[in-house]
């Protein structure tokens with residue numbers, strides 16, 4: 001899969017998706033430098049906005065804006081030198097979703113409160129945000145944005161004000177349902193918190209000059225640091241100069257790591273909850289080869305998203321791996337927001353086949369996932385026109401059939417090509433000669449956690465957390481899927 | 001005077017000045033059109049940011065940004081068409097003060113609350129904002145900006161939630177001290193409120209297709225409307241399609257109209273609290289001529305700020321009026337924020353003398369006010385070099401010696417050339433042959449209100465409202481100055 | 001008049017108007033500084049583009065772009081520090097005309113040639129540009145722009161290459177017809193040239209650290225310099241560190257100073273060809289009062305363009321002068337190019353009446369000129385609605401009825417309200433109670449040159465230079481008008 | 001290799017590199033659409049500027065600017081709708097080289113001449129540009145830019161003026177030495193020309209609605225067209241609606257296709273002079289494996305530049321292929337020009353190792369080329385830190401030791417790590433365990449042309465064309481290398 005956001009037209013006032021990168025730094029070095037480098041490394045987790053908040057001279061200062069990290073933090077266009085000279089801070093990037101984007105929803109959020117400044121960078125989605133919001137409103141509170149993060153920050157602030165920092169965070173976490181991996185700055189103190197299900201990743205590393213908390217371990221690597229460990233599900237850890245101090249661990253009934261991090265979101269060079277993402281994808285390709293073998297001449301990936309799984313398929317099947325599609329490196333993203341017309345045109349210039357590779361060949365085409373199916377249909381067509389004799393599509397994840405409520409921008413059923421369709425119907429739709437998805441069992445095995453420790457909601461429609469209004473928690477069923 | 005902001009370096013986290021334009025529209029026409037035109041007309045009351053919020057399809061939508069109205073609302077650079085099609089809304093421009101400017105402080109502010117959406121455009125300064133803020137923080141509230149407007153909005157929201165709209169606004173106004181003239185949008189209902197002292201102006205006009213509330217009457221003129229009346233000090237008025245409904249008038253111990261509106265801020269073509277600003281300035285010039293006559297050849301204004309007063313001086317004294325200084329029309333303001341170096345250079349290119357007018361002449365040079373004195377010193381020098389034989393400076397307002405706490409960006413004593421200096425010392429400092437200020441009595445007479453109905457704080461150091469921490473209310477003394 | 005450009009829609013490929021500011025500096029100081037300050041001072045002569053070329057380290061370096069001087073030369077947005085450290089250079093601003101504006105036509109133009117670098121800043125219009133261009137094309141030359149300046153530069157370059165610098169310029173000037181006042185940089189040598197008719201102004205001043213050539217003397221004042229003299233019609237003068245060296249003076253059959261410089265274009269504080277512009281305008285007002293007296297209560301100017309003439313009218317007639325119209329200082333110009341809709345709206349927010357001044361009064365409304373008449377019609381309407389009893393329009397120049405071929409953006413007859421209309425018809429059109437223009441004789445007397453030394457082409461339709469194709473030279477007739 | 005431009009600091013006034021994409025369209029469809037799509041597809045051949053010129057309504061219109069195609073042609077930021085409705089035009093992108101970049105050098109260049117409009121898009125470098133320029137200058141010509149393209153255009157224009165279109169182009173091509181593949185628009189006629197050596201590629205394809213000339217065939221694919229043939233070395237072909245018309249073919253003493261197109265520049269999915277680029281790179285990898293075998297555990301590419309060659313190495317050696325490095329997709333390029341500091345930081349965030357892949361492994365690291373060596377040194381270090389036991393660097397091209405004079409931005413010897421160093425010295429410098437380059441023979445064989453039909457100047461220092469001033473033609477020697 002290569003084309004999130006899914007293009008659903010978010011109407012104004014709708015809650016923005018909270019798929020993001022979060023980072024936090026505390027140490028003896030320049031906080032701004034480490035935060036900037038780590039945010040750039042995690043840019044794949046959000047290109048809509050970027051921001052950094054640091055504690056300095058008695059207050060928390062923030063600079064944020066719309067665009068890539070390198071754009072928001074470009075000294076030619078804005079002066080953010082007031083962030084210099086701090087030893088502790090947090091950073092944030094936000095995922096680019098369709099619809100009207102406003103800087104109001106950009107992170108980190110910062111407020112002043114009775115205990116001083118509180119700032120938060122958040123990745124995830126609070127499933128009971130609306131209830132909490134309504135409840136706070138009834139007590140006179142007001143909200144300036146449509147973001148879950150504001151709800152979270154106000155819950156935490158209120159309780160911290162009433163019960164003190166540690167107990168306050170604890171109380172707030174008792175009420176917050178859903179997915180959250182966040183870094184928290186309370187004046188000069190840095191905290192990392194993760195929901196009891198552990199939906200979204202969050203790791204801690206030791207840098208040459210301090211500590212880094214980050215959504216993914218690749219940020220630690222790039223800074224020349226060493227991955228220490230994941231923040232545990234339900235854990236609140238304070239990062240002090242003398243080390244990590246777990247303040248408490250909220251009891252967790254079940255772990256529910258998001259399987260999509262392994263399949264698509266995380267960078268292949270990251271290690272999440274102890275699993276190497278790249279290895280998991282190779283293994284998904286191997287399982288795919290075992291579950292859906294085919295007699296073919298070569299295996300080619302959809303660049304760049306299907307490359308690891310295609311390698312795994314080739315290793316397992318013995319069918320030679322090759323590159324058969326070229327991706328236009330400049331179609332990735334431009335600073336300037338594209339018009340609708342440019343977006344359509346963009347698909348056209350994005351991919352082209354290498355004729356000499358695929359001509360008259362029986363091709364296994366591997367990608368990581370299919371959401372809406374448009375891109376895959378287009379690719380199959382390109383390969384046909386380039387002379388491929390047979391095209392066997394293999395997908396390194398199961399069929400996506402249900403919305404995500406924990407931070408991925410897949411919200412409505414009718415956007416999924418697999419919802420309500422048989423595999424054969426999908427195959428026809430995309431025009432392939434055969435089509436195979438990795439089974440849920442295969443996915444679970446490849447990731448290596450027991451099924452009950454993964455969130456498979458978008459594959460099964462059964463969620464580890466009660467979704468207010470319509471969805472039922474299905475923990476018991478989930479165990480028997 | 002021609003050079004506000006005064007250049008004081010606002011440190012970050014400091015409260016921004018609340019000198020602004022506010023507008024509100026309700027009627028049968030396109031709210032966006034009337035709000036845009038009126039904001040452009042009131043652009044002199046704030047060039048830092050501009051914004052408009054309208055009620056539409058069940059929610060309040062807002063578009064705001066940094067820059068002139070014509071820049072923020074330029075369809076080439078941002079899409080604000082989602083504001084189209086509304087019949088009610090409010091608008092805001094903010095004064096450009098020195099220091100770091102952020103969009104966070106731009107108006108209007110909008111929140112969602114238990115009663116729905118509440119939006120506010122505010123002009124003024126809440127003197128007990130810090131106390132109210134601390135008090136709310138102690139009860140768990142948090143603040144996202146350093147702006148008084150956020151405090152105001154949160155106080156109102158809380159009480160509206162508890163006591164209903166009318167009583168809620170009443171309760172909040174009981175607690176809010178200081179200066180505020182504001183337009184309030186609660187879902188599709190439009191309110192105008194003004195503090196019991198009536199520091200800042202606020203007028204209501206009837207347009208061909210509805211009602212307009214605005215900081216100054218010139219906005220009503222430009223829209224082809226008719227000035228109905230001022231919002232009364234302490235009044236809360238709801239603007240409905242069928243007319244104006246005064247909800248209540250908060251009891252006022254004293255009226256304290258800001259004398260500086262008449263001297264400098266308001267556009268000459270505006271009528272404020274029943275007084276024509278232009279006429280007041282002409283009268284100030286006449287008083288000046290009577291209080292500080294001089295034997296001279298011609299009267300020239302500092303363009304454009306001293307023009308009305310210079311005309312008055314000429315009328316009264318019989319000394320011919322002429323133009324002796326040319327102002328560079330392009331030095332006014334550029335979209336691009338100037339560097340410090342450019343600002344210095346700007347003074348150089350701003351004014352030049354007409355030699356043939358002033359050469360060998362005894363010149364009466366008239367301006368509306370002097371704050372820091374730098375510009376006046378520079379102008380006297382220009383005239384000297386152009387050959388003026390004598391330069392008699394006449395100022396259409398008394399000496400400014402004390403800070404303003406009600407919305408003007410004059411905060412520290414050491415910026416005033418007149419603080420702790422005799423008139424003779426100031427004369428020497430600016431290099432004039434003679435110097436005369438209008439007396440406080442003269443000013444009061446020219447404006448035409450009794451002294452006790454004016455705020456003369458910056459002239460006397462005695463304020464109509466207790467200034468928390470250091471200043472004492474001096475109502476009794478004020479009456480006897 | 002206050003609204004050039006006249007809004008004629010230049011089709012692409014059409015020759016742009018050459019109404020501009022030119023400057024040149026040579027001395028011991030930083031050339032960039034003096035050039036920047038002088039261009040900012042002459043910003044009224046062109047807001048479309050700005051540029052500076054200096055000689056440095058063996059070559060001529062140039063920086064230019066679209067926008068105000070303060071925008072093009074803003075270190076935040078572009079790096080022009082490579083211009084630092086030079087002692088000689090030229091600068092240019094271009095007038096904002098309607099139609100597509102491209103940086104290709106921005107000045108200064110720079111070429112490399114057999115004699116090294118040649119750069120030119122030009123103000124004027126070459127009447128035989130098309131013939132020269134065609135002739136050069138036939139010999140193999142090509143043109144990259146539609147600008148007269150390129151033609152001029154190529155003519156000069158060719159002859160300088162063939163005949164040496166001095167003779168080359170001479171030869172080229174023999175062929176160039178029309179209006180040109182220009183600064184020329186040939187490697188590190190600075191020249192000022194002016195056509196034999198002396199249409200456009202060009203003055204030389206001595207600065208504290210060198211010499212400045214500029215379109216108007218106000219630039220010299222602002223730099224603390226002293227006006228030495230005008231460049232003579234037909235003169236080529238080289239500015240060397242040791243003084244001014246007239247290289248030659250091309251024979252001139254007649255002087256033809258543009259009367260419109262005195263009426264409208266030049267800044268009032270400039271002295272052009274020995275005449276003080278402000279004094280000329282005062283005198284025009286006086287003549288107007290004598291030629292078109294009226295029984296009235298007050299004289300008011302159209303701000304800011306009619307102010308000097310209104311003062312003159314008042315002085316002569318004894319009718320009191322006052323301000324009756326307020327101009328929105330922010331409607332002047334914004335960085336962002338306005339849409340057509342914004343331009344319409346702009347008229348609305350531009351001016352407002354001071355009711356207390358004009359209500360029930362018989363008003364003499366004075367402006368410098370009328371071209372299309374739209375603005376005047378709008379102003380009369382504003383005054384009527386403000387309650388003026390009678391409105392007597394007085395114009396400080398004669399009727400404009402014919403195009404200009406010498407650098408003013410008035411190209412087609414149908415844009416002139418006065419073309420083919422009687423004064424009475426115009427009066428009706430604009431809705432005034434009476435209307436009076438200064439007579440041509442009055443204008444000539446006020447300026448103080450003999451009629452045959454002025455270009456009155458736009459008033460008479462008879463031009464001092466043969467206009468290829470359609471117009472006839474009318475020197476003989478002109479003398480007898 | 002992955003890091004051209006090489007970072008040489010072009011001083012101002014220096015000739016810009018002419019590495020570019022050129023396209024041309026003639027047919028029955030909308031020229032703008034096909035030109036835009038093909039330029040976006042060829043964006044890898046130049047990201048500094050983009051432009052399109054079309055013939056329409058009797059003249060040639062051009063729109064060009066700095067930035068990516070999607071930025072320059074973004075309707076939000078500039079209006080280029082005046083290009084709509086044309087059936088014939090040309091387009092251009094320019095390579096991003098270091099140093100001051102100005103829009104003056106952006107293509108296409110357009111001039112008006114005696115025969116009408118002439119526009120050119122050029123890829124290559126004219127080796128005798130300076131001599132031609134000097135010669136033209138001596139005859140009075142002037143130059144507005146430092147670009148070879150201007151020289152080319154002026155030579156062609158002059159001769160076309162004198163000898164007519166076909167003979168004129170012929171005459172000009174007789175004088176122009178060096179590398180040029182260009183599209184030419186003379187009014188509504190479209191021509192494609194290629195120098196007799198055929199240095200740079202140029203192909204012609206048939207689209208559903210017309211013809212496309214383009215630097216590479218992938219542009220034809222993306223438009224759903226069919227590759228017809230290459231423009232022959234020395235050929236001038238006119239593209240008419242009824243087909244291709246070869247006007248003449250300039251005699252060629254030798255063909256000299258640039259080997260670097262096959263190694264690095266061209267997109268792998270292109271076919272150049274009959275050779276599939278991807279296949280050539282696979283073959284280079286195979287040769288590399290045979291020439292420099294090594295006992296290792298896996299082959300990994302430098303992404304994305306070394307991928308094809310790494311695949312070839314793996315195929316030939318049987319050593320498993322895997323991905324061991326992850327490239328940050330967002331480090332590619334940002335709209336905003338980076339500061340020097342950001343550029344340094346960029347290297348850090350660009351690449352990271354997949355530890356699980358490389359830990360304790362003997363790794364063959366394959367890239368396409370090494371120019372300066374900095375990046376390779378950095379990558380070897382990353383792999384070491386990730387735990388690779390041995391790192392064997394294999395390069396799919398020979399050592400680059402000499403400048404290019406035919407359009408690649410490698411101009412000075414001291415930037416080449418291989419200049420004056422033995423392979424062993426380079427190995428030490430980059431820190432690898434072993435290092436092997438493909439031999440020149442191997443390269444020649446892999447491409448499949450005889451050595452005498454390739455330009456190997458940067459590998460041998462012997463050039464197929466006399467380089468004025470210092471270099472000697474070495475055709476005879478070249479044949480014996």
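Glycine is no exception: its Cβ is also placed from the backbone N, Cα and C atoms.
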Practice item. Among C:218, C:404, find me the residue TrEMBL lists at the same [4Fe-4S] cluster site as C:258, C:455, C:458. Key: C:404
Exercise for review: Name the residue, out of C:305, C:308, C:314, C:434, that TrEMBL lists for the same Mg(2+) site as C:367, C:368, please.
Suggested key: C:305
Point to revise | From recorded positions C:20, C:305, C:368, the one whose Cα lies nearest residue C:404 ([4Fe-4S] cluster binding site) | key: C:20
Study note, to complete from the structure: On the domain 'Glutamine amidotransferase type-2' (C:20-242), the mean of the pLDDT values is 92
Study note, to complete from the structure: Around the recorded [4Fe-4S] cluster site (C:258, C:404, C:455, C:458), other residues with Cβ within 8 Å of the Cβ centre, ordered by sequence, are C:199, C:259, C:260, C:405, C:406, C:407, C:408, C:456, C:457
**Study point:** Neighbourhood of residue C:458 ([4Fe-4S] cluster binding site), C-beta criterion under 8 angstroms, separation at least six
**Key:** C:260, C:400, C:401, C:402, C:403, C:404, C:408, C:410
Check your understanding: Going by C-alpha positions, which of the recorded positions (C:20, C:258, C:455) is nearest residue C:367 (Mg(2+) binding site)?
Key -> C:258
Practice item. In three-state terms from DSSP, label residue C:458 ([4Fe-4S] cluster binding site) for me. Key: helix
Exercise for review: State the Cα to Cα distance, in Å, between residue C:20 (active site, nucleophile) and residue C:258 ([4Fe-4S] cluster binding site), rounded to an integer.
Suggested key: 14
Study note, to complete from the structure: Across all protein chains shown, the binding-site residues C:367, C:368 give the max Cβ-within-10 Å count at C:368
Revision key, fill the gap. Row residue C:455 ([4Fe-4S] cluster binding site), column other C-beta within 10 angstroms, all chains, value 28
**Study point:** residue C:305 (Mg(2+) binding site) and residue C:455 ([4Fe-4S] cluster binding site), distance between Cα atoms, whole Å
**Key:** 21
Review point. Given the binding-site residues C:258, C:404, and counting only Cβ atoms in the protein chains shown, which has the most within 10 Å of its Cβ?
Key: C:258
Point to revise | recorded positions compared (C:20, C:305) - highest count of Cβ atoms within 10 Å | key: C:20
Check your understanding: Distance between residue C:258 ([4Fe-4S] cluster binding site) and residue C:368 (Mg(2+) binding site) at the Cα atoms, whole Å?
Key -> 15
